[in-house]
Amino acid sequence: MTIALETKGLEKSFGGLKVTRDLSLKVEQGARHALIGPNGAGKTTVINLLTGVLKPNAGRILLEGNDITDLAVHKRVLRGLSRTFQINQLYADLTPLETIGLAVSERLGRGGDWWRRMGTRGDVNQEIAETLGSFHLLDVMNERTATLPYGKQRLLEIAVAIATRPRVLLLDEPAAGVPESERHDILAAVAALPRDVTVLLIEHDMDLVFSFADRISVLVNGAMLVEGPPDEVARDPQVKAVYLGEAADA
Amino acid sequence: MTATSDVSSHAIARARWRPAEIAFWILAASCAFLFPSRYLIMTDIIRLALFTLSLDLILGYAGIVSLGHAAFFGVGAYSAGLMALHGIINEPVIALVVAGLIAMALGLLTSFLVIRGVDLTRLMVTLGIALLLEALAERFSNITGGTDGLQGIEMQPILGLFAFDMFGKTGFFYSLIVTFLLFLLARRIVNSPFGLSLRAIKNNPLRASAIGVPVNRRLIAIYTVAAFYAGIAGALFTQTTALASLDVFAFERSADLMLVLVIGGTGYLYGGLIGAVVFKMLQELFQTITPQYWMFWIGLVLVVMVLVGRERIHRWVLWGPNLIIRQVFGRKAVVAVPESDAP
């Protein structure tokens, strides 16, 4: 199996606080890999390191074997590494059509095109329509994103990441805060992600993790505790201790 | 209709000319015949409108605040003045473009300072650059004429055909045409993928880079373009008044500009144009009532405007026209100002 995304000895500290400790992670091509861990385990920091929002103090990040540790955020996206956000980071004033249109234009290297109007390129329009269609957003494509139901916003969140045609997709708690009635749509969208896209899922919701992932890494205090297939991880005494301990606190 | 053609028509709809826009420009041109004795003040308004359009491009679309936009206005003004004074380029249109390009070059150079940091940093950096230039212009008075300004500028006819007249008729049409052409260009830019990426950056820079937008490069590009616009506005100022003095760099000019844009509204291009008309008319009105304290009233209007909310004011103003259009053409809601990206 080839490795789609790999970290080698990743370290990150904020002042004296070490939030990522010697993290070495391998995500296989086409995998459905989940990264779980209790609150404060440093999951979000890992995402920020992978996407380039934060720079690591030590260690390397490889995307399909190429070192991307020093690349800017937008360049990693163009190399095929996209993410969704845990809390909506959508463009409140743009419509879903414009949001997806922007992602498609940038991917095609047309984002700097200042002379052509939006909507005049047939190939771009077609791709926008396909993406909106597969995420059930066609009926709301011309509404301001801020006015959409939360479930639709979460779908758009995934749709815009997919519109960049990633080879590796980081899903940061895709179903967080979605009301029960709209939850099904999100889970269906996650399940329907193209198989050739490698997915690293960062999630709290254990039902989602165990129904989706074929491999699980458990992060505790910024370091890897256990990694393995779901049934193995579920039986692991250390993992039980962490999660039962947390449950006992709650 | 298929989904693709749906997408295409919705996407293009944003860039379509609305009846209100066409009416606006017809009205602007017809002012020449409605008020033939007031060319000078109308030219003044147009220059301010173009200058504010420049600020709208960076503030309204890309979210870059600036308190030093007069820097580019001033560079454009002095460039045009010096070219005319020393006969370097005599033809006004070519000189205008060259002055714009000089301001643009300065915009490109300073953009690297401005795109760093957040709003407060940007306010200070832009303010600082304008102050620096003002001081430099004062220091090198052998070139700029110092506090006296450039004396004895004589403008040649536009394209060798249209001489500037003392009533300002030529200047008015010249300014109006230049502003209209630059407006068309701006309209094109903001409705392009590039313009869309600017709005995305203004909304959420982090997310913009996460979908592959090179944020800094885009900000540099629009800041440079806006500098060109401001430089042209400054050059128009010199060419139509045959004056260039230190106050082209003045802080008040940058600050007024912000007022004008806030009055007109950001992010839909007409804000600067409407704001310029309202601002100048209020200024005229208050100056006739109280020559000394007119700034007080402008300030009061601004406070009321911000408290009441611009959208509500637009609704009040458009209530009459909309009623007529409803009655006559039987259409429903008509001209609302698309204030999608209001600050």
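A Cβ is built for glycine as well, from the same backbone N, Cα and C atoms used for every other residue.
Features of the protein shown, as given by TrEMBL:
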- B:22-41: transmembrane segment (TRANSMEM)
- B:48-73: transmembrane segment (TRANSMEM)
- B:93-115: transmembrane segment (TRANSMEM)
- B:171-190: transmembrane segment (TRANSMEM)
- B:220-246: transmembrane segment (TRANSMEM)
- B:258-279: transmembrane segment (TRANSMEM)
- B:291-309: transmembrane segment (TRANSMEM)
Which bits of the chain, at least 6 residues beyond where the transmembrane segment (B:220-246) starts or stops, bring a Cβ under 8 A of a Cβ in it?
-> 43, 46-48, 50-51, 53-55, 57-58, 61-62, 64, 69-70, 72-81, 84, 92, 95-97, 99-104, 106-108, 110-112, 114-115, 134, 137-138, 144-150, 153-155, 164, 168, 171, 174-175, 178, 182, 186, 189, 194, 198
Rank B:93-115, B:171-190, B:291-309 by Cβ pairs under 8 Å to the transmembrane segment (B:48-73) and hand me the top one.
-> B:171-190
Contacting positions for the transmembrane segment (B:93-115) when only residues 6+ beyond its ends and CB under 8 Å are counted = 64, 66, 71-73, 75-77, 79-80, 83-84, 122, 125-126, 129, 158-159, 178, 216, 219-220, 223-232, 234-236, 239
